[in-house]
Amino acid sequence: MFNVRLFIEATITLLVIMDPPGTVPVFLGLVGRKSRDQRKRAARQGVLVSFLVITLFAVAGNSILAYMHIGIPALQGAGGLLLLLIALDLLTGKGATQHPEVEDVNIALVPLGTPLLAGPGAIAATIVFVRQADGALGSYLALAAAIVAVHLVLLGTLRSAGLLIKVFKESGILLMAKIAGLLLAAIAVQLVASSVQGFISGA
């Protein structure tokens, strides 16, 4: 039987962690100066990457982490360092020297798809919900439906971000890129701090 409670709990939890509205400034900072088609493609690819990563960890997350002897704190630390590099690029105005098509793919993969959307928090939450499902088919279906629903919300949010471009114009997008860099840097520091705290508490 479909587990409605797990569906609601997983949907709300993942929405809070992945924060669709909060990703909009970062998304615009990364692709705000590109064409409408390029923005839509980046949004679609980024959400797809996130969906695939979350699905992978839902199916085999416990096995992957156990086999590689990796804990959630290690994922947090790696994600934080990766985001910090992207943040520095945004703050210094670098990162726009590659061929447009290559850059679009890179942005969709990193940092948009992961670790921004499918970050350590979302991955950890997904693994926890898989453990809660405890082999029940209805619970697995509920979790799968929640993952799909959350990513549909993410896609809709990012695709509508273009409306803000009409309001902020070119100068506003440049400013937003700097703000996005600061936000990413703050997220990165928080992830690294959580990683250190996790290692200390687990020692």
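Cβ atoms here come from the backbone N, Cα and C positions, even for glycine.
Annotations in TrEMBL come from automatic prediction, not curation.
Residues annotated as transmembrane segment in TrEMBL: 6-28, 48-68, 74-93, 105-130, 136-158, 179-200.
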Going along the chain, which residues at least six beyond the ends of the transmembrane segment (48-68) come within the CB cut-off of under 8 Å?
18, 108-109, 112-114, 117-118, 122-123, 126-127, 129-131, 143-144, 147-148, 151, 154
Residue numbers, six or more beyond the limits of the transmembrane segment (74-93), whose CB comes under 8 Å of its CB atoms:
29-30, 110-111, 114-116, 119-120, 123-124, 177-178, 180-185, 187-192, 194-196, 198
Residues from the same chain, set at least six apart from the ends of the transmembrane segment (179-200), whose C-beta lies under 8 A from its own:
22, 25-26, 28-30, 71-74, 76-77, 79-84, 86-91, 111, 115-116, 119-120
